[in-house]
Structures are given as structure tokens and as C-alpha cells.
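So the structure is just underneath, and the comments pick up after that.
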Amino acid sequence: MDEDEILGYVTAYLKKKGFKQTEKVFQEEFQQNKSNSSSNSNLEPDIANHLLAFSQLENGPARYHNGYSRLRTWTYSSLDLYRHELLRVLYPVFIHCFMDLVAKGHIQEARNFFTTFREDHEMMHLRDIQKLEGVLSPTHLKEMEFAHSLRQSKFNIKICEYSYELLLQHLHSTQSTTILGIINEHINFQVTSGQPSLISDDPEAVTLTGSSQEAANQTNQKEIHWGLLEDSLEERLEKPGALLSDTEKGDGEAKEGENDESKKRSIEVGKQGASVKKMKKDKGGSATGKIAKPEAIIVPAAPRVKSDLPLPVIPTEVEQSILEDLRNRVQLSSVALPSVSFYTFINTHNGLSCSSISHDGSLVAGGFSDSSLKVWDMAKLGQQPSSSLSQDENDTSQNEQTLGKSGGKRQYTLFQGHSGPVYATSFCPVGDFMLSSSADSTIRLWSTKLNANLVCYKGHNYPVWDVQFSPMGHYFASSSHDRTARIWSMDRIQPLRIMAGHLSDVDCVQWHANCNYIATGSSDKTVRLWDVQSGECVRVFVGHRGMVLSLSMSPDGRYMASGDEDGTIMMWDLSSGRCVTPLVGHTSCVWSLAFSSEGSILASGSADCTVKLWDVNTSTKVSRTDEKNGNTNRLRSLKTLPTKSTPVNTLRFSRRNLLFAAGALVKNA
């Protein structure tokens, strides 16, 4: 080995360690010695071999395994008080060690490293681990968007000052330059003073921010108008004069005696008026309705905005029915919880893939993996089959008269048309229509009055995971495996808008109360808010640690709740784009979320077979005052309602604040 090679190795080592001054002095002395004495220019071979071996060791794959192994051993042996904070560092270091090994071509070493340490992270990050398992070459690393986003991202980790000092001391004492470099490049520490945060604060202790974080911050600076629509039915309810005139108009065809009786009923909030279906299904609303009238009008006024979409005209009879429901609405609070009506699907043989409930609870739909869609009319459930049925020219009679094993008429209506599993259904709030989406990449519009398929909408290229009618009907939104959400109208077979921006599947979609925005939840662990008129993303919500499976908007349009596969619920302020509070309590996927009609209660349904009720007002107030302190009492769970063995698939608050829920019974093995 000649002197120039030795000079190169030593200089490279000094540069790597950051010893710039030493490097400069070394080069000067080396040049001086070389010019003064040629006899001393050759170093002994063993010194050169040591330098070469050290250089190869520093650049070899073993340094990742050894460095991570030392950090892991030290972390698990640290004091209990600080261990849960220090453990947060392991996952980012693990995935970046693995990806660095793959990027440098050490494929076998990368697989051995991955296999050795993956069990440490499978409980919290199983889906991410499964995705990274498919990375087998540097090309995969570049082509996989998830891996690319991780390499371009930084983890934000909350850690107390003492834990941070302990970590630095360990890294410097062990001279783990490789691990130290990964931490410096891919982790941002948010160091807090005082004692370590409690484990219950973990959902927001580790967040991922990409290299596009500045763009996301800039997006969240855009102005949004979260208020309610002008001249909405809720606004009319707050004006007794307007409501009275509407009532008189709606009841003009009825007798005066019936009109007076209806008014008396509304004042006493006794039996429910309006439609027969609502009278049958919302009895729970009238049961506790005695406290509704005094408080129903005293509601903080939300800002009023104009719709950016041409909205459909609501039929007079539907409008009158909605007003009657709103007037007889039960006022809920932390001391006045809703009644719950739970619909259980039995004998589904694991075939139920989705369910939905109409706004008055009179109809329940189930989508199945055999591509069928079934709708039950709750008013007819349990009745004996009638001997005479009206015959239509379409296939309605065939659908309704299908015979079961016992020879009796089935108590549901069968809708057939999809060629793949049905993943979502949605009832129109102001009409006899229903939507369904399927693995066959289509969306179908059905008439619950004619029991027939009206339209098949084609636009997505892959399975459509979710579809939702807008609060005013006519328009609907869909989300798909093709990483887009789309806006449609019932009268056009092509989408009106396409929202693209998510890095993975768009799993759920939800309309804002004023119909000007939609929210989308994705497998990329983010939630986005989109302007319906422009198709532009106006908010990016980052904080979930698992795929986002459910969304719900507060009735005043100010807050949004999102639930993920880990069981965490995040409450977001739409105007600021920030998380108001995390709600922790579920132990499995949160499949459904629903705000009560006045927005004081949030209900969540989960695969852990429970429905939880949360106090929205307390949660938002406490989190604002104690945001800087990290107060652990931000969470306010009012009640947990367990089922025997039924994962909760769907939740729906009626306009009168009766809570409907549905799920399929799972038989224990």
C-alpha cells in the first residue's frame, strides 16, 4: 500500500468523524514529512493493514446490525420511568437501517437484519412491516412509494430532556456513529422539560412528517369556510316564526283539528308526528324528549356560508318531515346519553362486508361478499308474510317473494347487479335512493321504492371502498384503491371532480355539513380535506399511526373525527388543521363514527365489539387549556356499551338523536 492510499483512508476517517482541524494538520504534516525525508515515507505493512481493515469495517454491513443491537439492548435495560420514551426511537432506526442496507446492495444482510428484529415492531407497525417485507432490491426501494416517502420523511418524537440526554450519552459512549447518523438525518426530537410523558399519551408522541411538510403547512394556511348553509332547516328551527309558517304550509291539507293536535304534541314532545316510519323507529327519541324543548334552541350559532354547488330542491313533504324531527329532537349531554337500537345480522357466515342504516332507522342495508345487497324494512320485520302481493312489471315481486328453506317469504329485498363483493352502501337523506360500491370498480344507484337498479357509474379503475351521499342528496363521493376520491351527481354517469394526492388507498370519505368540502381517509395514515368546487386539497391532517378507516363531521362543520386501525380516534379542528385531542380506548379497528345531531356526543363503533360514547365539548375545552402541559385527562369517555360478540360495523344518529348501530354476530370457536 502506497502513501497516497494511506493518506486517503486516514483523511476519509477524519472527515467522517468531523475532525476538520485534525484533518488539516495531518495533511500538512504528511506533506512536510514526505518532502523532508523520503526514507521515512514507507509505513510498516501491519499499520497499513489495520487502517484498511478499519475502513472496511466502517463501511461494512455489520455496523448496522451491531449498532442497532447495542441500542436495543441498552433501551430494554433502561429504567422503567424512561424506557417507554426511549423505545420510540427503535422503530425509525430499525426501518432506516434496513433501507440503508438495501440501498447499498447488501440484500442478504438486510434480510437477516429484518428477520432478526422485526418481532419488536409487529405489534405497533404490522402493516408497515408487511409492506417493507417486499423490498428485495435497490430498485424496489426506489419504485415503492411507501419506502420512498419514509426515506424522504422525518419522525417527530416527543421525549423528556433527561431521556434525551441518556440517549446521547449512550450513543457517544459506544461510538455508534452509524446509528447517530441515522438519528440525526431521520428523527426530530421534541424535547420537553419535566417528567417523562405517560404511556397514554403515545398516540401523538410519534408522528411522521415528510419532506413535503412545508407544502402541507402551506396547504393548511388556506382559508376554509366551515359554517352551515344559509337558510338551512336548522336555521329555520331557531326562528319560531319561520318554522310556524312552514308548519302551516306543510299541514295546510290536513284538518285543523289534526294540525292543533300536532302542535300540542310538538310542545309536549310526546309522541312523534311526521312520517309513520319515523314514528315507529324513533320511539327512543320521544322517551326522553321531555328535556329537549327548553335547551334545543339554545345552541351556539355557527357561521353561515353559501353553497358552491347548485343544490337540489327538497320536496315539501320531506322538508316538513325533517323539520318535525328537528323540533322533537332530544338534547343530549354528558348526563343525558342517547338510547341505542342495535341491529344484529345473524347467520352471515362471515359474508357481511358492510352495512348502513337510513336516516330514520326504518331501513337497514347489508352488502355481502357474494356481490348481493339486501335491505330490511324494520316496520315489516317479524310480520307474517301476506297472502297477496302487488305485482309489478319489473323484478320487484321476484326479489320480495324469494322463498327460504322454510318456504316462507324472506323478510328482505334482494338487490343484484354487482359482480364482486359490496364494500359500502349509503342511503339518500332526502329520497328513496341508495348507493352501493363494489370490488367490480363500479357504483350503483338503486331505488328503494321500485326495488330496482337505476344507474351504474363507472370511473374508478380498482375496487371502490366507500361511497357517501351528500347531506342534501343528489351529489355523492366515492373512494377507491386507485388512490383517488371522486365527486358524482345522480344525473351524470361520469365524475364531476377527481381528487388525487393520497399515497395509498383512499379507504373512507365523508361530506362536510355545508356540502362544500369532502374529507378522505387513507392507508397512508393521513386525512385530507378537499374543496368540492375546485378539487383542491385545502387541509392535510397528519398524526395517525395506522390506516384511517372512518370519518365523521360535527353538525356545525367545525370539527372532524377520524378513526384508524389501531383503535385511536383523533378529533381535528378544520380551521387550524390541528389535532384537538386524541381519544384512546378501543383495542381494535374503529369502523364507524357518528356525531349526535347537536354535536355534543361522539359515538364510535369498533371491531372490539363495543360502542363508546365521548363527551365532545369537554374534550375540546380541556385540550385547549392544557395543550402545552400535556394533560392526560383530555380524554372524556362517557360510557362503553359492549356487545356479546358483535363487532360494530355501522353507527347512525337519527335526526331525533336516537343512536342506531349494526353488526354481524361472530360465533366464538
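Using the three backbone atoms N, Cα and C, a Cβ is placed for every residue, glycine included.
TrEMBL annotations: computationally assigned, not manually curated.
Annotated compositional bias 'Basic and acidic residues' per TrEMBL: 246-268, in sequence order. The annotation compositional bias 'Polar residues' is assigned in TrEMBL to 384-404. According to TrEMBL, the feature domain 'TFIID subunit TAF5 NTD2' maps to 58-187. Taken from TrEMBL, the feature region 'Disordered' covers 241-288, 384-406. The repeat 'WD' annotation in TrEMBL covers 415-447, 457-498, 499-540, 541-582, 583-624.
For the domain 'TFIID subunit TAF5 NTD2' (58-187), the DSSP-based tally of helix, strand and coil residues reads 102 helix, 8 strand, 20 coil.
Within the chain, the repeat 'WD' (583-624) has long-range Cβ neighbours (under 8 A, six or more residues past its boundaries) at 200, 203, 296, 299, 326, 329, 331-334, 337-338, 340, 342, 549-556, 559, 561-571, 631, 633-657, 659, 661, 663.
Per-residue confidence over the repeat 'WD' (457-498) averages out at a pLDDT of 93. Sorting the repeat 'WD' (541-582) by DSSP state (H, G, I as helix; E, B as strand; all else coil) yields 0 helix, 25 strand, 17 coil. Secondary structure counts, DSSP: the repeat 'WD' (499-540) has 0 helix, 24 strand, 18 coil. Residue counts for the repeat 'WD' (583-624) under DSSP, helix first, then strand, then coil, are 9 helix, 20 strand, 13 coil. Per-class residue totals from DSSP over the repeat 'WD' (457-498), listed helix then strand then coil: 0 helix, 22 strand, 20 coil.
Counted with DSSP, the repeat 'WD' (415-447) comes out as 0 helix, 19 strand, 14 coil.
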